[in-house]
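Novice: Pulled these features from TrEMBL for this protein:
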- 12-30: transmembrane segment (TRANSMEM)
- 42-59: transmembrane segment (TRANSMEM)
- 65-95: transmembrane segment (TRANSMEM)
- 176-196: transmembrane segment (TRANSMEM)
- 216-241: transmembrane segment (TRANSMEM)
- 281-301: transmembrane segment (TRANSMEM)
- 321-340: transmembrane segment (TRANSMEM)
- 385-409: transmembrane segment (TRANSMEM)
- 421-451: transmembrane segment (TRANSMEM)
- 503-522: transmembrane segment (TRANSMEM)
Amino acid sequence: MAVYWCTEVIPLAVTSLMPVVFFPLLGVQSSKSVCLQYLNDTNMLFVGGLIVAISVEQWNLHKRIALRVLLILGVKPALLMLGFMIVTAFLSMWISNTATTAMMVPIVQAVLDQMDNTEYDVTMMEQAIGQTNTVIELEEKSTSDPAAVCVVSNGQVPDDPRSSEEKKMRKRICKGMTLCVCYAASIGGTATLTGTGPNMVLKGQMNQLYPNNNDVVNFASWFGFAFPNMVLMLVLAWLWLQCSFMGLNFKKSWGCGTERTAKEKAAYSVLKAEMKKLGPISYAEFNVLLMFVLLVLLWFSRHPGFVKGWATRLFPEGEKYITDSAPAVFIALLLFILPAHKPKFIAWNSSMSDPEQTEEDIKKPFLSAPLLDWNVVQRKMPWSIVLLLGGGFALADASANSGLSAWLGHQMTPLGSIPPWAIATVLSLIIAVFTECTSNVATATLFLPVFSSMATSVKIHPLYVMLPGTLSASFAFMLPVATPPNAIVFSYGHIRVLDMVRSGIVMNIIGVFCVTLAINTWGRPMFELDTFPAWANSTMNQ
């Protein structure tokens with residue numbers, strides 16, 4: 001399946017259906033348990049998040065946000081990319097990476113369209129001015145050379161050689177801008193304990209394997225360790241994407257000491273004009289924005305880690321039953337219920353002096369249409385990605401149940417003869433490669449128990465291999481199927497698989513480098529990684 005996904009011989013979603021056929025036939029798993037993986041909790045979260053994103057798109061709210069961000073940051077490509085990355089990374093610290101990406105990509109899309117249109121307008125203007133100039137010049141000449149005039153009367157201006165170069169550059173910028181979002185989402189998720197699945201897997205496994213570990217991994221300690229690492233990775237990723245897609249011309253992309261070009265000035269004024277065109281925020285937009293903020297708050301406060309969340313306080317055994325998919329689908333439901341226009345209660349406030357207006361008011365239906373219509377969702381929902389995710393989950397589930405992961409762990413015992421920092425680096429690399437083909441949470445679930453038993457047998461601190469392993473499970477940068485954010489970005493159709501693989505390889509190397517650095521510098525004093533702790537030892541003796 002990995003080969004098929006890489007080569008795209010059949011559509012990605014169709015490849016994802018293979019486990020449904022082959023696992024039961026080959027006796028790996030029953031059809032019942034394979035098919036359950038295709039619409040599980042994570043997939044429902046994905047659907048809920050996307051419905052909210054569709055409503056934002058439907059009411060043009062993303063355009064408003066896009067223009068606001070653009071006007072604040074200016075239209076220099078480098079700063080723009082940095083802005084998108086910071087916003088995405090910050091959001092995905094608290095929200096699921098999938099939902100963040102589904103929110104941000106339409107905004108990036110709007111900005112790029114905006115800049116493209118501007119560029120086109122400016123080029124047309126330049127050409128028009130150029131044409132009038134040539135006409136004037138030719139008219140002056142025409143007395144001496146009548147043949148020259150016919151060129152312009154055709155309206156044919158020789159093609160500008162720059163335009164094809166510019167088109168290529170635009171395409172490259174487009175790729176860079178969309179890729180930066182899914183990378184920033186994956187990187188941002190690592191910063192908080194609740195930010196992404198693998199982090200929670202680590203906490204669960206630590207408590208299971210080492211019951212008396214004095215709560216060594218908690219919200220605060222994880223944040224202290226992973227947040228600086230996230231910032232470092234974000235900066236390096238931004239520099240790398242700059243290099244590979246825009247070329248590191250600091251003067252041009254930063255605008256240090258350069259005047260604003262006509263294009264940028266025009267872009268800026270067009271943005272301002274577009275912002276004016278949108279007018280004041282409408283009732284529907286305000287409602288959608290309110291729903292989105294509410295969703296972020298619900299996700300953030302469900303189980304924050306340092307205090308009790310609403311799931312625990314309001315519902316008995318809430319933390320066991322409620323996951324992120326519940327608020328996502330709840331908000332999605334509300335979007336189909338809430339009205340798009342202010343509800344009219346009674347007609348007495350309409351002035352009777354203006355009979356035409358009252359008639360119009362009476363004609364309006366009493367109940368307004370809801371914020372979202374199912375047909376719109378049906379049309380805009382990337383259903384193929386839902387299947388794609390399901391295929392990944394089915395694969396991961398089967399490799400755990402069939403004992404493939406246990407066998408892989410067994411192959412790792414010879415690592416005892418290598419120095420610890422090298423073990424950590426090698427394991428990070430192995431996981432970073434492995435997580436490209438399976439879901440991040442699955443990768444963490446498969447490998448962390450193996451790493452912990454290996455650490456106790458080699459007598460090194462379990463966290464010394466488990467922390468880098470957990471972080472590396474989030475480094476799925478190379479394939480569209482590696483993680484939902486990549487799939488979302490890929491579904492917009494700017495990027496070929498090869499583009500993602502090319503930048504993803506370097507991103508993986510950056511990631512493993514940062515994690516190795518973190519675990520060997522500020523990670524050591526924080527978790528006392530140089531010692532072999534007593535709580536790890538006692539478990540072994542039992």
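If you go along the chain as it appears here, the first residue is 1 and each next one adds 1.
Even glycines carry a Cβ here, placed using N, Cα and C.
Please treat TrEMBL annotations as automatic predictions, because they have not gone through curation.
Computed from a predicted structure; not experimentally measured.
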Novice: Can you say which of 42-59, 65-95, 421-451, 503-522 has the most Cβ pairs under 8 Å with the transmembrane segment (281-301)?
Specialist: 42-59
Novice: In the same chain, which residue numbers or ranges, 6 or more beyond the ends of the transmembrane segment (216-241), come under 8 angstroms Cβ to Cβ?
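Specialist: Residues 81-82, 85-86, 89, 93, 176, 179-180, 183-184, 187-188, 190-194, 199, 202-203, 206, 248, 304-306, 463, 467, 471, 503, 506-507, 510-511, 514-515, 517-518, 522-523, 526-527.
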Novice: Going along the chain, which residues at least six beyond the ends of the transmembrane segment (176-196) come within the CB cut-off of under 8 Å?
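Specialist: 77, 80-81, 84-86, 88-94, 96-98, 100-101, 104-105, 108-109, 111-112, 203, 217-219, 222-223, 226-227, 229-230, 233-234, 237-238, 241-242, 244-246, 303-305, 440, 471, 474-477, 483, 485-486, 488-489, 492, 494-495, 499-500, 503, 507, 511.
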Novice: Short question: which residues 6 or more past the ends of the transmembrane segment (12-30) have a Cβ under 8 Å from it?
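Specialist: Counting only partners 6 or more residues beyond its ends, the transmembrane segment (12-30) has Cβ contacts under 8 Å with 1, 4-5, 37-38, 383-385, 387-388, 390-392, 394-395, 397-398, 401-402, 480-481.
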Novice: Are there residues at least 6 beyond the ends of the transmembrane segment (42-59) whose Cβ is under 8 Å from a Cβ of it, and what are they?
Specialist: 96, 98-99, 102-103, 106, 197, 282, 284-285, 288, 291-292, 295, 323-325, 327-332, 335, 340, 371-372, 376-377, 380-382, 385-386, 389-390, 393, 439, 441, 484
